[in-house]
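Okay, structure first, notes after.
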Amino acid sequence: MTVLQEPVQAAIWQALNHYAYRDAVFLAERLYAEVHSEEALFLLATCYYRSGKAYKAYRLLKGHSCTTPQCKYLLAKCCVDLSKLAEGEQILSGGVFNKQKSHDDIVTEFGDSACFTLSLLGHVYCKTDRLAKGSECYQKSLSLNPFLWSPFESLCEIGEKPDPDQTFKFTSLQNFSNCLPNSCTTQVPNHSLSHRQPETVLTETPQDTIELNRLNLESSNSKYSLNTDSSVSYIDSAVISPDTVPLGTGTSILSKQVQNKPKTGRSLLGGPAALSPLTPSFGILPLETPSPGDGSYLQNYTNTPPVIDVPSTGAPSKKSVARIGQTGTKSVFSQSGNSREVTPILAQTQSSGPQTSTTPQVLSPTITSPPNALPRRSSRLFTSDSSTTKENSKKLKMKFPPKIPNRKTKSKTNKGGITQPNINDSLEITKLDSSIISEGKISTITPQIQAFNLQKAAAEGLMSLLREMGKGYLALCSYNCKEAINILSHLPSHHYNTGWVLCQIGRAYFELSEYMQAERIFSEVRRIENYRVEGMEIYSTTLWHLQKDVALSVLSKDLTDMDKNSPEAWCAAGNCFSLQREHDIAIKFFQRAIQVDPNYAYAYTLLGHEFVLTEELDKALACFRNAIRVNPRHYNAWYGLGMIYYKQEKFSLAEMHFQKALDINPQSSVLLCHIGVVQHALKKSEKALDTLNKAIVIDPKNPLCKFHRASVLFANEKYKSALQELEELKQIVPKESLVYFLIGKVYKKLGQTHLALMNFSWAMDLDPKGANNQIKEAIDKRYLPDDEEPITQEEQIMGTDESQESSMTDADDTQLHAAESDEF
């Protein structure tokens, strides 16, 4: 006996949606063995891919000629995951042997999935250093579907400056319709099909197929719908969608269905019961509140007419009616497939109190496709009204709660102009015929327009939110950190108090060197989303700067226990051992992070800094160059190269690399400070002072900038100005031995020996063990007159060694060295 394709497909998607990947793979293999079709091939490859076996999906699809857009896209996705970028590009856009496809060609070929295809192609272009082409693909993808976030995020990360106001908007109604899957169209039953009895060739229900009737087809998400081979389809296609049918076969499955009384409260989109903690508002005003005495509006159906969708465009059928007495809708953008409730169509709530016009569910994936769209895979098999349903009628009826009597409600015309008939306690509707339509004067245009307007309003609300988040993220990627903090802090509280938003704010504080604030924000992220790994590498570096070894140890332990395949976890572990000056162990952990994700630029940068601490400068250079190869806009790597060249006294190269980092992050006072020091080393003292002044304007309390400006003033024999600068610096870092040592040098030049000796003594008291040998050596010889003794190059003030080898433990002392070491 030939395996029926549709019920098997339904079972496979049921298993996939319940994460039973082994079962899904097994059934998909059986289906593909039975039916060698592109559809079965795609379904099997999807099972492999979702179960984490991308290589299996790749080899399966590679071994067969993929002609459908779904197979091509999945094969390209596998290629990208397996780092076969050239092959993935050829599949999507053609190659050397094929004609290169334009964006319009891709849109024509891939249809609704073109936005995802272009986003994937843009990723390939960016990974192969063709940023201009990648940018075009991302922009086209966003123009097709402004609901996508990752293309916008990628545009910001490659240095583009997309306008969120122009990106997250609908350019036309067609653009709005294309953004939504076919299943998001509002349902309105068509009375013209109410008497249609679908025929079936299945005259008997075998015992082994009864269990198939028990499948909860609501879990089959409509976005996975495939074109079904007509030769395998035995049942009429113009019947109800499985999204509206929870159990069983035929129209009798809706008999004696009971709907719960909607709770009184604010109604946003689909009736009084629609409001829940999961109901997004997205800027939509709540409708009027129903009175506490509302009836339950229950209705029992013994022979419910089939339900279809009204197309999004074109005039509705004259006999289309609004179904009476449905429960409230699920929340907007809710996931289908996890509920056994019957999907509501159009709920109208009546009460003696304030009149409430409840509206259809909006943008919910649980609503069925329009009639002009292809039916779902399994929609035809489970909707027969033949004798096969009688065998299971008793069993099916037991799955519903007992019938609850309805309360009487008056017939009243609501704001939408829809008149509903009286509902009696014992009323059972067997048929909606033309007499009901003519007597009730039911209008179909108003609910459709109302539903569409609410759909668009909900989408516009989301667009408004994305615009604000986009502005904040764009400002952060442009390193306008204060602006980013201001924008993101004004988001609604329920969006502000989420891990993603708080991580961006914490990163902004980190870039501003406000480590205490960053630590506060990241600790809040850990409290509300202790499962979040993304962004924790920045948190670990923040704790490294603050020298909070206990908190850093706890963080690294938790992250590595939670996800050993996360580069962020190993970066945190490396920072933990780096803080303990266990540099060899830290290097191993950073190398492990690179092994887990070879495209993780931050791990290369941390490893490079660690090699600098162990004086392995050649290895450090290689690490920083690899970080730049992975991400050319990773300014920390450019800074690391400049720091190494400075240590090697290659000042021109150092200035060039520092300047490159500054071009990426023009708001960094630390980078300006280092450029000023290099300029002074190149005998450009006046230019160096100007650069340091700019750095202090950006961050007036940056101790590193003030210390270097005082040092340059001292070297230029401007002793009084240097002394004034150092006195201000002493208020910021009162326990920094270097400050007192330089003050002593100034007093010595001014001839005030007793004050010089006093400050030298304080410097030694702050560093009694001599861990800071720079008290005698760290002031660069270029800062000193010719009569001063030379010092060794290794102990220059710019070196990272002093920040790690310093004996400072107080929080005030760490500010100078934390900022001085590097920004990471």
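Glycine is treated like the rest: Cβ placed from N, Cα and C.
Here is what Swiss-Prot records for this protein:
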- 326-341: compositional bias 'Polar residues' (COMPBIAS)
- 362-371: compositional bias 'Polar residues' (COMPBIAS)
- 380-390: compositional bias 'Polar residues' (COMPBIAS)
- 395-413: compositional bias 'Basic residues' (COMPBIAS)
- THR205: phosphothreonine (MOD_RES)
- THR209: phosphothreonine (MOD_RES)
- THR244: phosphothreonine (MOD_RES)
- THR313: phosphothreonine (MOD_RES)
- THR366: phosphothreonine (MOD_RES)
- THR430: phosphothreonine (MOD_RES)
- THR446: phosphothreonine (MOD_RES)
- 287-422: region 'Disordered' (REGION)
- 781-824: region 'Disordered' (REGION)
- 6-35: repeat 'TPR 1' (REPEAT)
- 38-65: repeat 'TPR 2' (REPEAT)
- 67-99: repeat 'TPR 3' (REPEAT)
- 115-145: repeat 'TPR 4' (REPEAT)
- 465-495: repeat 'TPR 5' (REPEAT)
- 499-528: repeat 'TPR 6' (REPEAT)
- 567-598: repeat 'TPR 8' (REPEAT)
- 601-631: repeat 'TPR 9' (REPEAT)
- 635-667: repeat 'TPR 10' (REPEAT)
- 670-702: repeat 'TPR 11' (REPEAT)
- 704-734: repeat 'TPR 12' (REPEAT)
- 737-768: repeat 'TPR 13' (REPEAT)
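Each residue in the repeat 'TPR 6' (499-528) has a pLDDT score, and their mean in this model is 94. DSSP assigns THR446 (phosphothreonine) to a helix in the three-state reduction. Note on the repeat 'TPR 5' (465-495): residues 146, 149, 152-153, 156-157, 159, 161-162, 164-165, 167-169, 282-283, 501, 504-505, 507-509, 511-512, 664-668 of its chain, located 6 or more positions outside it, place their CB under 8 angstroms from a CB of the stretch. Remark: secondary structure over the repeat 'TPR 9' (601-631) totals 27 helix, 0 strand, 4 coil, with classes taken from DSSP. All protein chains shown were included, and the count of other CB atoms within 10 Å of the CB of THR446 (phosphothreonine) stands at 16.
Residues 533-537, 539-541, 543-544, 547, 549, 552-553, 555-556, 559-560, 604, 606-607, 610-611, 613-614, 630, 804 of the same chain lie 6 or more positions beyond the ends of the repeat 'TPR 8' (567-598) yet place their CB under 8 Å from a CB of it. Secondary structure of the repeat 'TPR 10' (635-667) per DSSP (helix as H, G, I; strand as E, B; remaining residues coil): 27 helix, 0 strand, 6 coil. The DSSP breakdown of the repeat 'TPR 4' (115-145) into helical (H, G, I), extended (E, B) and coil residues amounts to 27 helix, 0 strand, 4 coil. Secondary structure of the repeat 'TPR 5' (465-495) per DSSP, as helix, strand and coil residue counts: 25 helix, 0 strand, 6 coil. In terms of DSSP secondary structure, the repeat 'TPR 2' (38-65) contains 22 helix, 0 strand, 6 coil. Within the same chain, residues 469, 472-473, 476, 479, 481-482, 484-485, 488-489, 491, 534-536, 538-539, 541-543, 545-546, 548, 555, 665, 667-670, 699, 702, 818-819, 823 sit at least 6 positions outside the repeat 'TPR 6' (499-528) and bring their C-beta atoms closer than 8 Å to a C-beta of that stretch. Same-chain residues lying 6 or more positions outside the repeat 'TPR 4' (115-145) and placing a CB less than 8 Å from one of its CB atoms are 69, 73, 76-77, 80, 85-86, 88-89, 92-93, 103, 106-107, 151-152, 154-155, 158-160, 162, 167, 171, 175, 178-179.
Remark: secondary structure over the repeat 'TPR 12' (704-734) totals 26 helix, 0 strand, 5 coil, with classes taken from DSSP.
The DSSP breakdown of the repeat 'TPR 1' (6-35), given as helix, strand and coil counts, is 26 helix, 0 strand, 4 coil.
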